[in-house]
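Taken verbatim from TrEMBL:
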- B:12-33: transmembrane segment (TRANSMEM)
- B:58-82: transmembrane segment (TRANSMEM)
- B:94-113: transmembrane segment (TRANSMEM)
- B:125-148: transmembrane segment (TRANSMEM)
- B:180-202: transmembrane segment (TRANSMEM)
- B:214-232: transmembrane segment (TRANSMEM)
- B:317-341: transmembrane segment (TRANSMEM)
- B:353-373: transmembrane segment (TRANSMEM)
- B:403-422: transmembrane segment (TRANSMEM)
Amino acid sequence: MSTELWLGGALVAAFVLYALFGGADFGGGVWDLLASGPRKAEQRALIAKALGPVWEVNHVWLIIGIVILFSAFPRAFAALSVALHVPLTLLLLGIVFRGTAFTFRTYDARGDAVQRRWGLVFSVASVLSPALLGMCVGAVVSGDIRVQGLVVVSGFFSAWLSPFALAVGALALCLFAFLAAVYLIAETREPGLQEDFRKRALGAGVAVFLAALGVLVLAREGAPRVWEGLTGSPFALVLHAATAVAAVLAFGLLLARRFWLARVAAAAQVGLIVVGWAASQYPYLVVPDLTLQGAAASVATQRALLVALAVGAALIIPSLLFLLRVFQSAPNVPISPRPPGEGRGEGI
Amino acid sequence: MDLLYARAQMGLSLAFHIVFAAAGIALPLLMVLSDLKARRTGDADYALLSRKLAKGTAILFAVGAVSGTVLSFELGLLWPAFMGTYGEVIGLPFALEGTAFFTEAVFLGIYLYGRERIPAGLHLFSGVMVALSGAASAFFVTLVNVFMNDPSGFTLTAGGPVNVDPVAAMFSPGWRHQTAHTLLACYQASAFAMAGIHAFVLLRHPGAAFHRKALSIALPLACLSALVQPLVGHQSAEHVARAQPLKLAAAEGLFQTQRGAGLSVGGLPDVETGTMRYAVEIPKGLSIMAFMDPDAEVKGLDAFPRDEWPPVAKVHVAFQVMVGTGGAMALLAVVTLFLRWRREAWPEDRRVLWGWLLCGPLGVVAMEAGWLVTEWGRQPWIIRGVMRTGEAVTPVQHLAAPFWTFTLVYVFLGAMVVFLMVRQVAGTLPGHEPPVGEVAHEH
């Protein structure tokens, strides 16, 4: 396997992990915004408790992805950051407000009004950011970003504002909300809360299905090359069949109240969707002008990067697993209905 | 005009990020030091201090993390040609920095939330890992700046860089001085700020034991870094004198190439007339400082084409600010250490505390000024001698909009952070301490 393919694989892996962790993190914010019913405060407290130790880590996957992109495929990074300047800037604002609002809410426990204000900033940014992220992905696959040499010639708006890109944005939002709801069920043992998030997961699952259908319908016009990839190659068909199986399975397991297995199935579904996206646009990084090979850095750089990534993975993966193990092992801890910062006690 | 906005936005983002990045590097060290002291002495105040510092780290690290995310995007959003062409040459340290940053985030999560859940030894180990990986990420990212100042590791052709050697590029000339200088600046800025805060409280509440102990944690690091930094800075200047003579000429405001060049202290260089105004000149000082030889020839600005000059006045003033504040801090460190030696305790008289209060912000000032020297001093190049900043800027227009947006965001975030930090300190003032039983649950 060539070094480009390895690095392309690393890029896809970073995006899969970002979707699984960062995506669920965004989704948590969506449910914070949509918290309702008699257990509104408990829902928010559960979300904050689940996110607290890991939100920063969850978002580092995006930085890893960006770093791989600009050091291994610099020409693609340059083209994308020109063509998607506007949505990426808006996404950045979303990320800044989301992260700081979450931290400020945690440490600025002056009273309910202030906490609610930070909570609102956090949750609104959590809705906008994944939608913008999805729109950027939609623009990349659509083939509407055109590059000649190093120069972007397709303007700064049309690619990410096409109906297809908007549909991908909606899909990303629904998908992350679905994932978060499924994750959150297994974070608590309180039956009422479990039921709240189970209902939300089922609703979001239906929304995912509808959004995916919309993307598919619009892809024919909006992303012809991906449409061919989706329907043409046998490999892609197998991948999409697996995605569909995972989706149906996740839904069935939710109905059957097998929450841990549902979590695995939902994660598989989301991961397969990201891999499916990557497979359907292969060998292009930016459809249709930049391929993996065409945008790649020199071989010496690619080798050095692979070594650096391997060393990094050897360091990060065990410690990350440890972090997750320490904080996933305690779903019994009672959840305080007080907003975060109170109920979490020690060490905060 | 758009170039100016792009530079302003990048500069603002970096100036903002640097403060939080420095805190993310140094506070974990101070946090681990007080944790260690708490274990050794069994003193609850040090344990509380360690918790307070952990909270401070959490807030500052969060802001540093998001502003760092912004920067990694801005490299492309503002300078796509730089990253598109040279991303492959200098991507390696960025990748390593990402790895180190990731490690820091993971262990910070463990340290912050694991105090009661994991064994004490493992908890302390996590703290050490936070401090080490924070330092590593600063080391790697500074290497990128070293490359921009003095690029190597590739052959320049009309079609871009060839024969790329990413490891050589990562260790471009001068990397030892610049990384040491930067890391020390991070520790110095944070330790001085911390010392300043606790000196302030002690001036108003002279008996506050918690703050005396906090000061005793901050002062050793502050004094050590303040004394070592001038030596490292001097070596760095010697390197710049040889490798980047134009930057030195601008920093010193030296217009004419000359032997036995004098050192201008203060003053305002006038580019129109090519003269230095209002400066005190130390005869032959510059030749001695840069080359250890009173008659050495120092290149002036006149040795270089006019269109390659950096903004001379800005570089000179920033350099003077850095050296001046650095000198003041070193002086205070000497006085403090002398008194510590004489009395065998960290000094607590009001004059010394006033000194620390006044010097508290100087570490950050010196760090920002030093960063401005290296950035302004490299202009008009983004990569010295290879690519001009104007060639690297994005073709996207109306950059005023993101500039003003991010300016407002940063002003707001900065104010918020200050507010939260003040509250953290306020909770420890005499009369505001939480009852002993609630220490574990305080905010």
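One-based numbering along the chain as shown.
Note that Cβ sites are derived from N, Cα and C of the backbone, with glycine treated the same way.
Fair warning: this is a prediction, and the values are worked out from it, not measured in the lab.
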Listed stretch, out of B:12-33, B:58-82, B:214-232, B:317-341, B:353-373, that has the most CB pairs under 8 angstroms to the transmembrane segment (B:125-148): B:12-33
Residue numbers, six or more beyond the limits of the transmembrane segment (B:353-373), whose CB comes under 8 Å of its CB atoms: 14-15, 18-19, 22, 181, 185-186, 188-193, 195-197, 199-200, 202-203, 215, 219, 222, 247, 251, 314-315, 318-319, 321-322, 325-326, 328-329, 332, 335-336
Long-range environment of the transmembrane segment (B:403-422) - Cβ separation under 8 angstroms, sequence gap at least 6: 5-6, 8-9, 12-13, 16, 20, 56, 59-60, 63, 67, 70
Highest-contact recorded stretch vs the transmembrane segment (B:58-82), from B:12-33, B:180-202, B:214-232, CB pairs under 8 Å: B:12-33
Remote residues contacting the transmembrane segment (B:214-232) - C-beta distance under 8 A, at least 6 residues beyond either end: 26, 29-30, 33-34, 37, 46, 49, 177, 180-181, 184-185, 187-188, 191-192, 194-195, 198-199, 202, 326-327, 329-330, 332-334, 336-337, 340, 346, 356, 363
Tertiary contacts of the transmembrane segment (B:180-202), as residues 6+ beyond its ends and Cβ separation under 8 Å: 19, 21-23, 25-27, 29-30, 135, 138-139, 142, 208, 211-212, 214-215, 217-219, 221-222, 225-226, 228-229, 232-233, 236, 329, 348, 353-354, 356-364, 366-367, 370, 425, 428-429
